[in-house]
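Worksheet: the structure to be examined is printed underneath.
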Amino acid sequence: MRTATYFFIFLNLSLALFEEPAVYPLPFLATSVLEVLCLLVFLGRLTHFAKVTLHNVFWKDTKNICIMVAILLSLTDLGIYGVLRLYGVRSIRWSRIVRPIFLINFAESRQIRRAFRSIRNTLPEITYVFLLFMFSLLMFSLMALKLFGERNLQTAEGLPYFRNYLEIVFDLYVLVTTANSPDVMMPAFDFSSWYALFFIAFVIVNTYIFMSLFLAVVYNNYKKHLKVMPGGACD
């Protein structure tokens, strides 16, 4: 039963690869039949679980409620999408975002729920480090706007260089990953080699200090919550 449940969960999640828009599109009838089959299996598994569980315990378990709601939403969305498709109206399968609920909330996915709950509990504690990083990014972006925005510099493609604040934020955010280094600083470096100090300081502060600090906070808090996570049949 556990293997079958995991198989149909994987099949349901993999449908996103074949539904429009997709790299390997399949006919709508094929994907809809597979999805209905998966939902019927989930409903059967839930019904089986209800038969071997006390009535009060079953209906008090939020995991079961989430699965039933996800099945209902998926069937409703599939029906609406199919009707609109018959009339030639383009729409979006918004119920795809509820498919991971099946992976998390079935009784067989206890370890996945533990990991998911640890991530959820870790997020509030890393918010402060993330806000500090964003503050540093915004401040460096403002400095870049003041340093380069009034010098009429251009990129190699002839586009304005560091004159729009939001574009500067994005470019410096990419620079944190060093994906656009050293291209992002070449117009400023060609104007004056001293401007390289700005980008060196940015990389030291944000890439080497903040990213290391961010990783350490995430790792330590995730490990702490994973260790103290209570067990039990209804976790």
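The first residue you see is number 1, and the count goes up from there.
Cβ atoms here come from the backbone N, Cα and C positions, even for glycine.
If you check TrEMBL, you get these features:
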- 1-16: signal peptide (SIGNAL)
- 6-224: domain 'Ion transport' (DOMAIN)
- 26-44: transmembrane segment (TRANSMEM)
- 65-84: transmembrane segment (TRANSMEM)
- 126-145: transmembrane segment (TRANSMEM)
- 165-182: transmembrane segment (TRANSMEM)
- 194-219: transmembrane segment (TRANSMEM)
Please indicate, using numbers and ranges, the residues of the same chain that are 6 or more beyond the transmembrane segment (65-84) and have a C-beta under 8 Å from a C-beta there.
28, 32, 35-36, 39, 42-43, 46, 59, 90-91, 93-95, 98-99, 101-102, 105-106
Do you know the mean pLDDT across the domain 'Ion transport' (6-224)?
88
